[in-house]
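Q: From Swiss-Prot, for reference:
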| type | residues | note |
| --- | --- | --- |
| BINDING | 21, 22, 26, 166, 168, 318, 345 | 3-phosphoshikimate binding site |
| BINDING | 21, 93, 121, 168, 349, 391 | phosphoenolpyruvate binding site |
| ACT_SITE | 318 | active site, proton acceptor |
């Protein structure tokens, strides 16, 4: 599907973007390990999260939807059933990596595959430490790429240094640690998103966190988990697109409701404010052990270029392409480094952003681990290749709103991965 986005005069209104993708994934995966029933409200129904739901049903977990609420009957730590067929992970790296941790400690054989994009994404970063726990994982390129096979085995706890500060790696090892003998400790230089730790703590896991110069989390194996109730807040990664639009378009103001503001996730909003964005957190509260706010954003004509460093990346890794797009409208240079992780997302997001910006006439320099964007620049318009990557499609759709001649997005239907209603919601705030 191609989508043409034209210049608009302003956006206004209130919006509750879809629920958080990370928490929605974990609400299925982690509660399936519980001894008892869990209730999940406001579960995100999008491509990736529906993949998780379908995979866990195939593993024998009862997941029933009643009036928009999910009821998940946990099967305990090792009550999963051997799947009758290969598990299709679609486009979801989160589903794949966390499920590898879970399957490694079961008592059966399983096989996993995914779509063209997912089969090129690195799985060795999870498979290798799982193997050091005793997991039997094999597959393409010495077990580093899907398809992968997993033969469940007895696991032993390890100490692992998560040098990339990857939440998916950390979560996979913590899940495997639940199934292992002894303790598993994961240390990372900068804290990555911590929803897994928060949820496991709420479920009664024996989990301990240390915060010194680095961040460590230790979990003990074999303790029963309790079912819980989860009300999933709105996704800050989805809200970020509309916040960017409000900041860039004259006479705009927007209230984004019920947004997760966990400090491991709200880096985009903090950096946008540092650039000069008029952003305020209001009605701050707690929901399912997570901080939530309504975010007020309005047009901000005096944006300045900033520096994004390696330590900034974990809290905004999915929003860096969007921040790069905003940076085209900021005075001076915006320099992004330490973001090499973007090269192994749904697309090579550094390459995707740089090539598309250049094709639109924007002055940008590609770095091995980031980019340098020169501002402030006029956006004439043109054609954008989304590389079938939802975040590239949505990010350049926002740039289209300030383009002189409009921007045509190729494969715009990729937004279904995380935000099926994206264009519908965009029309709503434009019509206001």
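Cβ coordinates are placed from backbone N, Cα and C, and glycine is handled just like the others.
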Q: Name the secondary structure element type, per DSSP in three states, that contains residue 26 (3-phosphoshikimate binding site).
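A: Once the DSSP labels are grouped into three classes, residue 26 (3-phosphoshikimate binding site) ends up as helix.
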Q: Within 10 Å of each Cβ, count the other Cβ atoms and name the one among the binding-site residues 26, 121, 345, 391 with the highest count.
A: 391
Q: C-alpha of residue 318 (3-phosphoshikimate binding site) to C-alpha of residue 391 (phosphoenolpyruvate binding site): distance in Å?
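A: Per the Cα atoms, residue 318 (3-phosphoshikimate binding site) and residue 391 (phosphoenolpyruvate binding site) stand 8 Å apart.
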Q: Find the one among the binding-site residues 93, 121, 349 whose C-alpha lies closest to that of residue 26 (3-phosphoshikimate binding site).
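A: Comparing Cα positions, the closest of these binding-site residues turns out to be 93.
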Q: Roughly how many Å lie between the Cα atoms of residue 168 (3-phosphoshikimate binding site) and residue 391 (phosphoenolpyruvate binding site), rounded to a whole value?
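A: So the alpha carbons of residue 168 (3-phosphoshikimate binding site) and residue 391 (phosphoenolpyruvate binding site) sit roughly 18 Å from each other.
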Q: Roughly how many angstrom lie between the C-alpha atoms of residue 121 (phosphoenolpyruvate binding site) and residue 345 (3-phosphoshikimate binding site)?
A: 7
Q: Compute the C-alpha separation of residue 93 (phosphoenolpyruvate binding site) from residue 345 (3-phosphoshikimate binding site), stating it in Å without decimals.
A: 9
Q: Roughly how many Å lie between the Cα atoms of residue 166 (3-phosphoshikimate binding site) and residue 349 (phosphoenolpyruvate binding site), rounded to a whole value?
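A: Checking the Cα atoms of residue 166 (3-phosphoshikimate binding site) and residue 349 (phosphoenolpyruvate binding site) gives a distance of 17 Å.
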Q: Count the Cβ atoms, other than its own, that fall within 10 Å of the Cβ of residue 93 (phosphoenolpyruvate binding site), considering every protein chain shown.
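A: Residue 93 (phosphoenolpyruvate binding site): 21 neighbouring Cβ atoms within 10 Å.
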Q: Any same-chain residues 6+ apart from residue 22 (3-phosphoshikimate binding site) with CB under 8 Å of its CB? Would you list them in sequence order, or say none?
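A: Those within reach of residue 22 (3-phosphoshikimate binding site), by Cβ under 8 Å and sequence separation of 6 or more, are 94, 167, 193, 195, 235, 265.
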Q: Using C-alpha atoms only, work out the spacing between residue 21 (3-phosphoshikimate binding site) and residue 391 (phosphoenolpyruvate binding site) and round it to an integer in Å.
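A: Answer for this pair: 13 Å between alpha carbons.
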